[in-house]
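Here the structure comes first, spelled out in structure tokens, and everything after it is commentary.
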Amino acid sequence: MRVKRGSEQERRISLESLATLENTAESHEGPALGNGELADLLPPEVCSLLNPAAIYANNEISLRDVEVYGFDYDYTLAQYADALHPEIFSAARNILIEHYKYPEGIRKYDYNPSFAIRGLHYDIPKSLLMKIDAYHYVQLGTAYRGLQPVPDEEVIELYGGTQHIPLYQTSGFYGKGPSIKQFMDIFSLPEMALLSCVVDYFLGHGLEFDQAHLYKDVTDAIRDVHVKGLMYQWIEQDMEKYILRGDETFAVLSRLVAHGKQLFLITNSPFSFVDKGMRHMVGPDWRQLFDVVIVQADKPSFFTDRRKPFRKLDEKGSLQWDRITRLEKGKIYRQGNLFDFLRLTEWRGPRVLYFGDHLYSDLADLMLRHGWRTGAIIPELEREIRIINTEQYMHSLTWQQALTGLLERMQTYQDAESRQVLAAWMKERQELRCITKALFNAQFGSIFRTFHNPTYFSRRLVRFSDLYMASLSCLLNYRVDFTFYPRRTPLQHEAPLWMDQLCTGCMKTPFLGDMAHIR
């Protein structure tokens, strides 16, 4: 007998399905599910654990067609240990106090590695650090002023009664303002922490301040750490401590050269720093692996500004005055621009694959303007995948999906008892969301998702990268002629199966096994 939507029989069937699920799951507060029990709840292939060392594809790309590989240096060829962040934080904090004359009391703050995540936005006039989704909405519960959370009601009031932020007017394409800044690189983690600590001190002591001045002073102090070469000195003095996976970087580069690939390096870092790091990872003859090496390139303007010419450096890093008519292997060049680079090398289009960690400065213009293939290095991916693979995460996500499906189907019932049940489900769903968020980061959650939507960072990742991975060493797990195929992700109107429908028993699909491969 067909059950009509909204009928009492449908309501009874859905409630019985929930009871069955509750008996199986033993509620999210109970003991963790075993692998067999979890497999009963999840659709086919969902139980397969993700590989943190895998490469993930946004776009189909065959490495067989790639003839030229390009690389950024910092956080691409050279992976840095998290121990670098407290050093940057402390040095910038001291610069604020000693050179910008900020209160001595700020010195009591130490770096908290668990506070912020990459991809957050900072509203300068409102002193708000927050996470925004792919549709420009603030994820409630992720807005902080200083080190204190801002109530959801206040956030909505601050933006005129909505969670929506007009980023195109306030942040710009590269996320640099004028009034909202997006923190996109890994070096921004200590910057966000310091900014939040300084705001916390001023608010806690009732000190009046201009938000724009405070923001600029903090960013200038962080910049000074780089410009004055402090960070370079720390790394050079203890490369074993700060540089990770150097052997794997050498293996990747050697393997590509052995298979006849051409390599180039474009970095904003100075030659002396890059040279010492590459000697540590690869050896004194590292330049022989690269067909072109460009330092202090001034990305992202390198990709858009035609005016800056290439300058050659001698062995000591001093500038030469001769005109550049070709880019020679083994030589070092400074600045320049992509248009001269393309003219001199004739490396164009999809036969070039460039890797970098900054979605804007490294990848955006190359993909959008020049048609290069791009690979994003996202070190946080490894940790997030390990969390996704836990039974606690899968259990929580499955239960959320089940509750979401029930809420959608049962909202037609408006009697007192049904409204009470719906309210309880809604409350439990929100509690589960908060639990899942805290698995990644207590304040801001995952860098890739809000409660259900992709984050703004995730949206940019998909738009500007063909591939993404935790580190360059992931290439060692694939043949040099491997083809990456992105999984077909159903659009809302395409999906034949949803996890909540499966979990609540609302859809019986005999061809489930045949359709599993499309997920």
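Glycine too: its Cβ is placed from the backbone N, Cα and C atoms.
Annotated features, as they stand in TrEMBL:
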- D72: active site, nucleophile (ACT_SITE)
- D74: active site, proton donor (ACT_SITE)
- D72, D357: Mg(2+) binding site (BINDING)
- D74: GMP binding site (BINDING)
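It is 8 Å from the Cα atom of the residue listed as 'active site, nucleophile' to that of D357 (Mg(2+) binding site).
Distance from the CA of D357 (Mg(2+) binding site) to the CA of D74 (active site, proton donor) is 8 Å. The Cβ neighbour count for D74 (active site, proton donor), using a 10 Å radius and every protein chain shown, is 22. For D357 (Mg(2+) binding site), the Cβ neighbour count at a 10 Å cut-off comes to 24, with all displayed protein chains included. Within 10 Å of the Cβ of D72 (active site, nucleophile) there are 25 other Cβ atoms, across all protein chains.
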